[in-house]
Ligand SMILES: Nc1ncnc2c1ncn2[C@@H]1O[C@H](COP(=O)(O)OP(=O)(O)OP(=O)(O)O)[C@@H](O)[C@H]1O
């Protein structure tokens with residue numbers, strides 16, 4: 001272990017940046033630093049207890065794996081809080097949660113190694129919220145978990161990004177593994193399968209590659225759409241599939257689209273993928289999104305006010321990973337600033353993401369004029385009085401958000417203003433709302449009024 005600690009940490013950061021989502025990396029990893037590396041033990045320091053607990057709970061194994069990869073030896077990771085291990089009020093009370101003490105990483109790593117599968121223990125059926133969007137996929141997965149290799153073989157799960165395919169697929173594996181810890185459950189991404197194949201060809205070890213995959217009791221293959229254009233991998237996968245299927249072993253496949261829509265997928269694979277059950281997952285409705293947030297909060301022992309759940313669920317509609325990411329960001333933000341969990345407090349960090357409601361320019365002008373106690377003529381006119389030009393800038397920003405009109409068209413709605421004026425206003429309000437909480441609140445109130453007025457107009 002000759003490598004200087006700064007250099008090691010830089011490499012760790014580079015690797016984690018590629019592996020983790022941006023919010024996760026920025027919030028938890030980038031703020032940590034490596035303090036000491038001695039006797040195969042790496043001490044990492046975090047800015048507060050909240051961050052320490054979070055890293056300890058969710059990322060310690062990932063960090064340990066990456067460090068081990070770089071150093072070539074297993075390393076124990078200890079996570080501390082900078083400036084002494086003190087609990088600040090911010091860490092404990094406002095968030096209303098405390099994570100249980102976790103044993104040193106070695107015990108977790110050892111446990112995962114014993115498990116010999118690559119399953120995430122969070123992905124279990126009890127943590128999966130069932131709604132109209134995924135009822136069929138959930139029921140089929142549970143059936144497969146209870147009776148693998150029977151009627152739904154293969155089970156083909158398909159649906160858009162971040163909608164729970166991996167969760168369900170791994171839930172099948174975890175369920176079986178709980179009952180039969182000796183069963184061979186392989187979870188593999190198509191990319192991993194391809195890489196293993198390439199390595200086997202390179203090392204002249206095709207025999208062991210085949211023996212390995214064909215020994216599975218349950219084979220879970222994620223992101224099968226990446227077979228597209230990989231002729232040789234398709235060929236090899238076809239034989240693996242056939243061997244397992246003929247032996248009555250269960251195959252579960254996930255994809256972002258149905259087999260027929262995967263370009264250049266061999267016809268024989270396409271028909272095999274379709275011979276069990278194809279179950280699709282649609283984006284969840286508002287109630288299901290709220291239930292997902294609620295469940296997540298319960299698991300983490302966090303109390304979330306209903307309007308906060310509604311707010312996040314309303315704004316993040318099509319990807320559950322993003323929905324969860326929004327909750328994590330909100331939690332981090334209120335924790336760091338020591339604020340109570342309210343909609344007003346989390347708006348700056350979440351913004352008005354994916355505002356779906358549409359409104360007419362007329363509604364926006366009316367609402368803004370009314371809110372600021374001005375007339376529509378004031379908004380359309382050329383007065384430079386501060387309160388008028390402030391209301392005008394907010395109006396332009398909202399019109400851009402709600403109508404999708406071009407900058408010149410918005411200029412026209414405001415009495416023939418130049419498009420650069422509109423652009424400047426939109427940028428200014430967008431930037432200010434990140435730091436100005438009064439403005440964020442104002443925008444929220446205006447948005448509520450616009451939504452209500454638009455509803456009544458329809
Ligand atoms: N119905 C659900 N209930 C609870 N959590 C869910 C549900 N659906 C998805 N999730 C969570 O959303 C996140 C993303 O889900 P997952 O990774 O399974 O999506 P995916 O469909 O496999 O996405 P990708 O196509 O990007 O691989 C996970 O943390 C998962 O636990």
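Backbone N, Cα and C atoms are what each Cβ position is placed from, and that goes for glycine too.
Whatever TrEMBL says is automated annotation, not expert-curated.
According to TrEMBL:
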BINDING   162, 164, 165, 166  ATP binding site
DOMAIN    151-279  domain 'AAA+ ATPase'
DOMAIN    360-429  domain 'Chromosomal replication initiator DnaA C-terminal'
REGION    1-99  region 'Domain I, interacts with DnaA modulators'
REGION    118-334  region 'Domain III, AAA+ region'
REGION    335-458  region 'Domain IV, binds dsDNA'
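Shown here: features listed in TrEMBL, placed on the structure.
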| residue | record | contacts (Cβ under 8 Å, 6+ apart) |
| --- | --- | --- |
| 162 | ATP binding site | 319, 320, 321, 322 |
| 164 | ATP binding site | 128, 134, 137, 281, 320 |
| 165 | ATP binding site | 137, 157, 158, 159, 222, 254, 255, 281 |
| 166 | ATP binding site | 123, 222, 254 |
Reported mean pLDDT - the region 'Domain IV, binds dsDNA' (335-458): 85
Tally of residues which DSSP labels helix, strand or coil - the domain 'Chromosomal replication initiator DnaA C-terminal' (360-429): 52 helix, 0 strand, 18 coil
Per DSSP, three-state class assigned to residue 165 (ATP binding site): helix
Remaining residues near the recorded ATP site, that is with C-beta within 8 Å of the centroid of the site residues 162, 164, 165, 166: 159, 161, 163, 167, 168, 254, 281, 320, 321
